[in-house]
């Protein structure tokens with residue numbers, strides 16, 4: 001069965017002085033290969049199978065399997081503390097906003113809409129046949145009137161709720177700008193007739209003052225952004241739309257004398273056509289005017305569907321043939337001020353039908369530069385004048401017709417739809433979605449679940465090795481050796497009664513007189529005689545255990561011959577937690593701790609009183625107790641719970657005795673309960689029963705002792721790391737009965753009189769004494785039962801003694817070095 005069975009002594013333990021100096025049986029730990037044989041070991045011994053790391057506990061003649069050593073897994077559980085970080089995962093809820101970010105992608109399409117403002121170059125109007133240059137006449141009174149004031153830009157209309165973008169429709173006739181607000185009314189623009197042959201230049205009129213540019217209208221508030229509609233598929237290129245409706249023909253101006261044509265200014269708003277001036281003499285051929293610069297092509301916008309072809313404009317009225325004037329002096333070719341660029345938002349009138357070529361007027365002399373009359377809307381092409389000198393070829397300013405690029409403005413209207421696209425930038429909210437990534441951190445919190453794995457570490461009943469702690473009790477004898485140090489004090493008795501002054505001798509430690517105390521060491525001879533007992537008288541000195549000054553008495557450690565349990569104490573013991581005040585408690589596992597040894601008691605049962613004359617009450621029962629129960633612990637974790645209070649003794653007949661309350665210890669998912677003892681009876685002379693414990697071990701705890709019934713209470717029992725409480729003794733007329741015992745602790749005594757029963761003992765204290773005719777019942781201690789009350793107690797007191805309060809003690813150890 002078990003081979004190479006070795007007795008193990010060197011395990012790290014501490015000699016623990018428990019509240020009442022409990023001396024436990026000398027448990028042993030055996031280590032071998034395979035299951036233990038029933039012939040080895042005694043009750044409460046432990047056996048560890050090296051092959052399987054299983055732990056057995058001997059109970060009676062049987063070895064009970066209690067668990068396995070799994071300490072290593074327990075260390076993995078330490079990581080569970082990181083689980084706290086998981087709380088941040090809640091921030092991840094914001095990540096849902098990321099979906100809105102996709103709408104932002106549509107917004108980028110809207111930016112292309114801005115390019116739409118430039119649009120495709122409007123289809124250039126069909127250039128009319130170049131008319132024969134007429135004879136340059138006197139510059140007519142083609143007064144370029146002051147530029148009409150630019151209509152104020154209408155306030156931008158509130159953007160309507162953006163509807164779902166429909167499929168792109170065909171380009172319709174340019175209409176007034178819709179949702180972007182009503183444009184200010186523009187002066188009537190004459191429809192542009194087809195370019196005819198250039199008539200004689202009239203006298204250059206004085207350049208009219210530049211019209212005041214209207215103030216831009218207030219921008220309307222943006223409307224509520226509608227959801228972006230589905231982008232329509234790009235339509236097929238439609239057939240070229242008809243020219244737009246012909247604009248209203250401006251009033252025909254009088255023909256002015258042809259002057260030298262000045263450089264074409266930028267095309268301004270077309271004014272009223274001036275009247276033809278009298279034909280002047282044909283002037284000298286003017287220098288060929290500088291061709292106007294070709295306007296730069298606008299950025300190519302997304303090609304929109306071609307609009308429906310506008311109706312062909314009516315043919316312009318053929319202009320009257322101008323009289324050929326004398327060639328005027330060459331007019332100043334000063335380039336006119338650049339006219340304000342026409343508002344591109346307005347619909348361009350369709351190009352009128354090509355007018356008949358006007359007759360060339362006779363070239364008259366260049367007249368004085370006339371005042372620039374208001375530029376009338378381009379009138380009907382006059383009759384083709386006589387062919388003038390080639391030089392009369394006007395500046396290609398007619399190319400100013402390229403101002404038709406203003407049609408791009410029409411495309412702009414389309415482009416403004418692109419502005420709606422800007423709202424798509426709202427998709428930036430999608431960036432918030434990135435903060436949603438923080439939610440991933442929340443996933444880290446799952447690691448906290450590993451902390452549960454740490455509970456597996458609790459299985460690491462490796463601490464069971466702590467049974468050697470029982471052995472440590474032997475070390476308690478070493479504590480008795482401390483009494484031996486008192487014997488050293490007894491050595492000072494060699495000096496006689498002055499030994500009491502030995503307290504002042506402590507002062508002598510500061511003085512050289514303390515050296516005389518060294519002579520006291522010779523008093524070790526006192527070990528031989530009962531002089532040491534006199535040292536017990538020195539217990540008075542205990543009052544001033546200053547005798548501890550005789551720490552030199554540590555020499556008495558020699559009495560610790562069996563102090564093998566002390567080995568490793570200084571190396572592995574960290575600290576102890578102890579509380580005996582009833583109520584809640586919290587103990588935090590210190591740094592470095594790996595093992596904890598739990599000792600605890602519940603509240604003892606209260607002693608019974610009397611109800612009828614000549615009767616006394618039974619003693620209360622003792623509580624269940626834990627003793628050095630080993631646990632695997634983790635630094636920073638906590639033991640919490642409640643310490644039980646002793647039950648109240650009975651008071652006369654009005655209030656019966658009560659049961660002691662339980663002591664509850666919680667650690668992680670584990671719960672340990674030391675149940676309180678039962679109260680003594682006040683009516684039937686019965687003692688209260690002792691109680692037991694509840695713990696998460698695969699064994700049944702020993703039952704509590706039974707209260708006496710005209711007998712002494714029965715003793716408590718023991719099981720793995722626990723003791724049950726003893727029963728209280730019964731009361732009697734001629735003599736009461738004693739409470740039961742637990743280990744070295746005895747039940748409360750009674751007396752051969754009408755007396756209450758003695759309280760049952762606990763594993764840590766004696767039971768309370770029963771009351772009689774000369775003494776009152778006493779309280780129990782450390783979970784033992786209170787004594788029963790008696791009718792004939794002094795002053796007529798009949799109260800039973802209270803049960804002893806419980807306590808909790810936890811000793812923490814590190815890994816042995």
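Positions of Cβ are set from backbone N, Cα and C atoms, glycine also.
Annotated features, as they stand in Swiss-Prot:
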- 83-142: domain 'Collagen-like 1' (DOMAIN)
- 106: N-linked glycosylation site (CARBOHYD)
- 121: N-linked glycosylation site (CARBOHYD)
- 126-141: compositional bias 'Basic and acidic residues' (COMPBIAS)
- 149-161: compositional bias 'Basic and acidic residues' (COMPBIAS)
- 183: N-linked glycosylation site (CARBOHYD)
- 212-224: compositional bias 'Basic and acidic residues' (COMPBIAS)
- 233-245: compositional bias 'Basic and acidic residues' (COMPBIAS)
- 246-260: compositional bias 'Low complexity' (COMPBIAS)
- 268-327: domain 'Collagen-like 3' (DOMAIN)
- 294-341: compositional bias 'Basic and acidic residues' (COMPBIAS)
- 345: N-linked glycosylation site (CARBOHYD)
- 352-411: domain 'Collagen-like 4' (DOMAIN)
- 360: N-linked glycosylation site (CARBOHYD)
- 428-458: compositional bias 'Basic and acidic residues' (COMPBIAS)
- 480-494: compositional bias 'Low complexity' (COMPBIAS)
- 483: N-linked glycosylation site (CARBOHYD)
- 495-504: compositional bias 'Basic and acidic residues' (COMPBIAS)
- 512-570: domain 'Collagen-like 6' (DOMAIN)
- 515-525: compositional bias 'Basic and acidic residues' (COMPBIAS)
- 533-543: compositional bias 'Basic and acidic residues' (COMPBIAS)
- 709: N-linked glycosylation site (CARBOHYD)
- 712: N-linked glycosylation site (CARBOHYD)
- 715: N-linked glycosylation site (CARBOHYD)
- 757-771: compositional bias 'Gly residues' (COMPBIAS)
- 772: N-linked glycosylation site (CARBOHYD)
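Distribution of Swiss-Prot features across the structure.
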residue	record	Cβ neighbours (10 Å)
709	N-linked glycosylation site	16
712	N-linked glycosylation site	27
715	N-linked glycosylation site	23
772	N-linked glycosylation site	25
Measuring Cα to Cα, how many angstrom lie between residue 772 (N-linked glycosylation site) and residue 712 (N-linked glycosylation site)? 16
If you measure residue 715 (N-linked glycosylation site) to residue 709 (N-linked glycosylation site) at Cα, how many Å is it? 14
Average pLDDT across the domain 'Collagen-like 6' (512-570)? 45
With helix taken as DSSP H, G or I, strand as E or B and everything else coil, how many residues of the compositional bias 'Gly residues' (757-771) land in each class? 0 helix, 2 strand, 13 coil
